[in-house]
Amino acid sequence: MNEFVAIAPLLMLALGATAVMLQIAFLRSVRLTAVVATVSLLLASASCFYANDTAPLQVGALLQADTYSLLFCILFTLAGAVTCVLSLDYIQHHGDEPEEYFLLLILATLGACVLAYAVHLASLLLGLELLSVSLYALIAYPNRSLLPLEAAIKYLVLSGAASATLLFGFALLYATTGTLHFSELGTALEQSDMGAALPMAGAAMILAGLAFKLSAVPFHLWTPDVYDGAPAPISGFLASVGKAAVFVVLLRLFLEANLFRYERLVELTGLMAILSMLAGNLLALQQTNIKRMLAYSSIAHIGYLLIVFMVCLDLSNRDIAIEAAAFYLIAYTATTLAAFGLLTLINEKRVEREQVQLQHVSGLFWRQPVLAGLMLVALLSLAGIPLTAGFIGKFYIFSAAVSGSNWILLAALIIGSGISIYYYLRVVFYMTKHAEEHKDAIELSPGWSGKALSCLLIASILVLGIMPQSLIAVLGSIL
Amino acid sequence: MMLELIVLLLAGGVVAWQSERFNPNLPRWIAMATVILGMLLLLSTISGIPADTFNMVTEPSKAENWLLYSRHEWIPRFGISLELGMDGLSLLMLILTLALGAIAIVSSWNEIEFKPGLFQANLLWTLTGVIGVFLALDLFLFFLFWEVMLIPMYLLIAIWGHENRGYAAMKFFIFTQVSGLLMLLSIIVLAVQGAGDGDISFSYGDLLGSAPTGKAGMLTMLGFFLAFTVKLPGFPFHTWLPDAHTQAPTAGSVLLAGILLKTGAYGLLRFCIPLFPEASMQFAPIAMTLGTVGIIYGAVLAFAQSDFKRLVAYSSVSHMGFVLLGLYAWNSLALQGAIMQMVAHGVSTAALFMMAGALQHRLHTRDMNRMGGLWYNAPRMGACAMFFAVASLGLPGMGNFVAEFLVLAGLFAVSPWMTAAAAIGLITAAIYSLWLMQKTFQGKPDEERKLQDFDRREMGAMVIMMAALLWLGLYPQPVFDLTQPVLEGLQPLIVNVPETLAGNIPGGTP
C-alpha cells in the first residue's frame, strides 16, 4: 500500500490523462479539458506532499520515491499546470481539435515525473520516450502553419538518433555488469574486472544521448530551429521541464552508479560546459529573433549547470554541488516559463507565423506594463541580477565551483555571463522604446488568466530571489 | 533606522511611480518629500546618539562601536545576514547621497515629460541601492545592493537619455556587471577559504584578517579592486564614464557623478584595502601609478572635448585619480584628503552637470562651439558656472582645494615623485576649467539668443551647493572629526604601512 502512496503523483497524472481522454470522448470542450488537465496536474503536485510521508521508499525495481524525486515532481507538475493555463487561449487559435493537446501535455509531464523517480535504466528510457514522443506531437500540433511540422520532424529524427545512442550505451553497460539498476551498476562496475574501456564507452554514449536532449554543445544543433518552430508554450515546456527532467536523471545516474569514477568522462562534461557557455552565449548574441535567442541562451544555461559535474568529482563538495544544481534547475524552470509565457501571450492570435522579432516587443513597457514586467523580471533572472531567483542560482553555482576550485569553468562562466547581459538587456531596451518608435509593434490584450499567471510567475521568481531560505532548507534535506 | 531608511526610499519610489496616474506633477513632489523625510529620519536618529560615541574609534569587528548596528538572519545556509552598520564615514556618505538626491530631483524638475512617475521612482531606487551599499556590512548584502542600483540607473539612461542612450546604457551596465561578477567570485573565495572547516560567513567583521596570503591573496584582492576601480572610475577602466555621463538625463548624471562614483571609492576604503592588507600594500605602487596616470590622462582628454558634459566627465576621471592616490597612500592626511575629495567632487561635479543639463534644456545642444558669450544672456548662470569651474580647478577656499592639498601632502611622505606628477593635475585642471568658461560663457555674445536665466528653484539648488563647498573649504574640521575615528579603526589593520610623516590633521582630534 505504501508503494502506491509513494508514487501517488504518477498515479494522479495517469488518472488525469484517463479522465481527459474520457471527457474528450463524450464532450468536446476546450475549456473543460483545460480545466480538467490543470486540476489533475495541480492535484498531482499536491499529492507529492502526501507521498513525502512514505519517502524514501523503493517502488519495485524501477522507481525510487525520495525528497529529490518528489521535489522535482512538484516542479514539473506545476510547470505543466502553468503551460496548460498559458496554452488555453493560444491553442484555440492555432489548432483545429485542440482538446488532445492537453492530454499530450499531461503525458509529457508524466514522462518527466517518471524521470525524476527513475533509478533504473529501463524506467529512464520509459520516462524519456514518454516525454519525447508526447513532445513530437505537441510541437507539430498547430496545423495551420508549416513551421511547427518542420520543427517536429527535425526533433523526431535527431531525437531518435539520440535514443539509439542511449540504448547502445545501455547495452554496453549491461554487457559488462549484467544489471540495469543504477546503484547495482555502481557496485558491479566497482568489481568488474573487464577493464574500464567498455563500460566507459557505454557511459559516454549515455552521456551523449542525454546531452542531446539537454542540447549541450556539440549536440545542440537542433535547438534553435525546434524552439523557433514549436508553439511558444511548448517551447517553454521543452526548454524548462524537458531539460530539467533529463538533467535530474543524468545527475542521479552519475551519483548512484558513481560514474564519477571515470574522470575522463567527467572532464568531458566540463568541456561540454565550457563550450556550451561560450558557444550558446556567442550565438545568442547574433539573434534578433527572441525565440532563437532564448534557445541559444538555454544552451548557455545548460553549460552553467554542467559545471556541477566537475565539482562532484571531489566527494567532499558533492553536497553543495547537488544543492546548487537543484536550486538552479528550479530557478531556471520558473524563469524560462516566464520568458516563453510572454511570447505565448503576444502570439495568441497570430496563426500564420509567430512574431518574435525584437521590434515586436518595442515599447511594450508603455502598452502592457504587466507583460513587460514579466519579461523584465525573467530576463534579469536569466542574467543573474540580484533579487531574482536566477541570481541565487548563479551564486550557488559560483559557490560550488569555488569549493571545487574549478577556475577555468568559473572564467568561462564569467565571460559567458558578461556576454549574455548584452542580449538580455537589448530586449529590455527595445521594450522601453518611446511611443513614436514602435510602428511595428503589435496590439495585444491578454485575458485575466494571462495577467494573473504573469503576476504569479513574477512573484515566484522574486520570492525565490529574496527569500530563498525555505527552499534552501528543503534542498538541504534531500541529501 | 537603517532598514527603515532603505524601505522608505523603496516605498517612496513605488508611490511616486503610481502617483503619475493622478497627476503628472505629483511624482516629483512625492520624490522630494521622500528624500526630505529620509533626511529627517537620518538627522533625528543621529541626534539621539550620545555625542561621545562619535569619538569612539570604530573597530570594524566590534558591533558596539558602530554608531548604529543591526543584524537579522537571512540565509543561514551560507551564513548570510542582513547586517547593517553605520559609522562616521557611512554617515557622511549618507548625507551626501540624500542631499545630492534632492538636488537631482530639483535639477530635473521640468525636464521630464515622458513617464515622470517611473523616472522619479528610478531615481529613488538608485538612491536606495547606494544607501544600501554605504550601510551593508555583510559582503553578500553589499554585493546585492551594488548590483541592484545598476538596474534603475540603466533604465534612467536607456529611457530618458539622449541621442545615443542605448549604447551608453549598455556599456555602463556591462562594465559594472562583469567587474561585479569578478568581485562576487572574490567574495565567495574569501568566504569559503576564510571559513576553513567551520561555518561559512559573509560578515565583514568575520572576514577581516582572514584573507589568503601570497598570490591567491593578490588575485582575490584584484577582483575587488577591479570592481571598485571600474566604478570609481580609474584609468584604464574609465571608458564607460564619458558615454554614460553624456547620454544620461541631467538627474542621472548628477547621481552618477555625485554618488555612484563614490561607491567605488567607499568600497576601496571599506573593503578592498582592509580585507587584503598585505596584497593591497604590495599593489599600492601600481594603484598609485594608475591614479597619477588617470589624473593627467583625464585632464588632457577633458581639454580636448567640445561637448560640455563630456568635458566634465573626463574631469571626473582626473579628480577621482586623486582619490585613488589618497587611498593607497594610506596615511591620515591622504585618507582624509581622499574622503574630502569624495564629498567635494560630488558637490562640484553635480553642480556642473546640473549646469550642463540646464544649458542643454535651453539651447538643445551640449556642443561648446555653438555656445559663447552666454554670460551676457544669462548672468546668473555665468556666475554659478564660474564659481563651480574654479571650485573644480581647486581654488583655495573651496572643498576641492582642501581635498587635493591633503592628498598631495599625505602622498609626499610616501612618494615625492608621484606627488610631483600628480601636482601637474592641478595645473591642467585650471586649463580645462577656464577653457570651459571661455568657450561657453565668455567670448562674443549672440544678442539674438533668448536664454532664460536660472529661476528661483535652480538658483536655490546652486546656492546650497556653493555654501556646501565654501563650508568644506573654509571650515572642514567637522568632516575630519566625523571620519577620524573610522580611519583610526581601519589604519591599524595594515601593519607595514609605507613610511609616513603620519600624525593627525593639524588641530584634529587627539
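Including glycine, each Cβ sits where the backbone N, Cα and C put it.
Per TrEMBL, the feature domain 'NADH:quinone oxidoreductase/Mrp antiporter transmembrane' maps to B:136-422.
Here TrEMBL flags B:26-46 (among others) as transmembrane segment. Within its own chain, the transmembrane segment (B:26-46) is flanked in space by residues 1, 4-5, 8-9, 12-13, 15-17, 19-20, 67-68, 91, 94-95, 98-99, 101-102, 105-106, 108-109, 116-117, 119-121, 123-124, 127, which lie at least six positions past its ends and keep a Cβ under 8 Å from the stretch.
Taken from TrEMBL, the feature transmembrane segment covers B:89-109 (among others).
Among residues of the same chain six or more beyond the transmembrane segment (B:129-160), those with a C-beta under 8 A of the stretch's C-beta atoms are 2, 5-6, 9, 69, 74-75, 78, 80-86, 90, 93-94, 97-98, 112, 114-115, 118-119, 121-123, 166, 168-170, 172-173, 176-177, 180, 183-184, 187, 190-191, 202-205, 207, 227, 244, 247-249, 251-252, 255-256, 259-260, 263, 266-267, 271. Annotation comment: TrEMBL describes B:129-160 (among others) as transmembrane segment.
Residues annotated as transmembrane segment in TrEMBL: B:172-196 (among others).
If you look at the transmembrane segment (B:216-234), the same-chain residues 6 or more away from its ends with a CB under 8 A from one of its CBs are 146, 175-176, 179-180, 182-183, 185-187, 189-190, 193, 240-241, 260-261, 263-265, 267-268, 271-272, 275-276, 278-280, 282-283, 287, 290-291, 294, 316-317, 320-321, 323-324. Sequence annotations record features per position, and here TrEMBL assigns transmembrane segment to B:216-234 (among others).
Here TrEMBL flags B:254-276 (among others) as transmembrane segment. Packing against the transmembrane segment (B:254-276) from elsewhere in the chain are residues 60, 89, 93, 96-97, 100-101, 103-104, 107, 123, 126-127, 130, 133-134, 139, 142, 146, 149, 153, 156, 190, 204, 207-208, 211, 217, 220-221, 224-225, 227-233, 244-245, 248, 312-313, 316, 320, 323-324, 327-328, 330, 335, 338-339, 342, 345-347, 349-350, 353-354, 357, 490, 493-494: each is 6 or more residues past its ends and has a CB under 8 Å from a CB in it.
Long-range neighbours of the transmembrane segment (B:282-304) within the same chain, counting only residues 6 or more positions beyond its ends whose Cβ lies under 8 Å from a Cβ of the stretch, are 218, 221-222, 225, 229, 234-236, 238, 311-312, 314-325, 327-330, 411, 414-415, 418, 421-422, 424-425, 428-429, 431-432, 435, 498. As annotated by TrEMBL, transmembrane segment applies to B:282-304 (among others).
The feature transmembrane segment is assigned by TrEMBL to B:311-330 (among others).
The feature transmembrane segment is assigned by TrEMBL to B:342-359 (among others).
Residues annotated as transmembrane segment in TrEMBL: B:380-399 (among others). Within the chain, the transmembrane segment (B:380-399) has long-range Cβ neighbours (under 8 A, six or more residues past its boundaries) at 315, 319, 340, 343-344, 347-349, 351-352, 355, 358-359, 374, 405, 426, 429-430, 433-434, 436-437, 440-441, 451, 453-454, 459, 462, 465-466, 468-474, 476.
Under the heading transmembrane segment, TrEMBL lists B:405-437 (among others). Counting same-chain residues at least six beyond the ends of the transmembrane segment (B:405-437), those with a Cβ under 8 angstroms from any Cβ of the stretch are 285, 288-289, 291-292, 295-296, 299-300, 302-303, 308, 311-312, 315, 318-319, 321-323, 325-326, 329-338, 340-341, 368, 385-386, 389-390, 392-394, 498-502, 505.
Residues or ranges marked as transmembrane segment by TrEMBL: B:458-475 (among others).
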Seg_contact(the transmembrane segment (B:89-109), the transmembrane segment (B:342-359)) with at least 3 CB pairs under 8 angstroms, min sep 6: yes
Long-range environment of the transmembrane segment (B:172-196) - Cβ separation under 8 angstroms, sequence gap at least 6: 78-79, 139-140, 143, 146-147, 150, 153-154, 157, 202, 206-207, 210-212, 216, 220-224, 226-228, 230-231, 237, 239-240, 243-244, 275
Long-range environment of the transmembrane segment (B:342-359) - Cβ separation under 8 angstroms, sequence gap at least 6: 92-93, 96, 100, 103-104, 107-108, 111, 245, 249-251, 253-254, 257-259, 261-262, 265-266, 308-309, 312, 315-316, 319-320, 323, 366, 371, 374, 381, 384-385, 388-389, 391-392, 398-400, 402-403, 440, 454, 458, 461-462, 465-466, 468-469, 472-473, 479
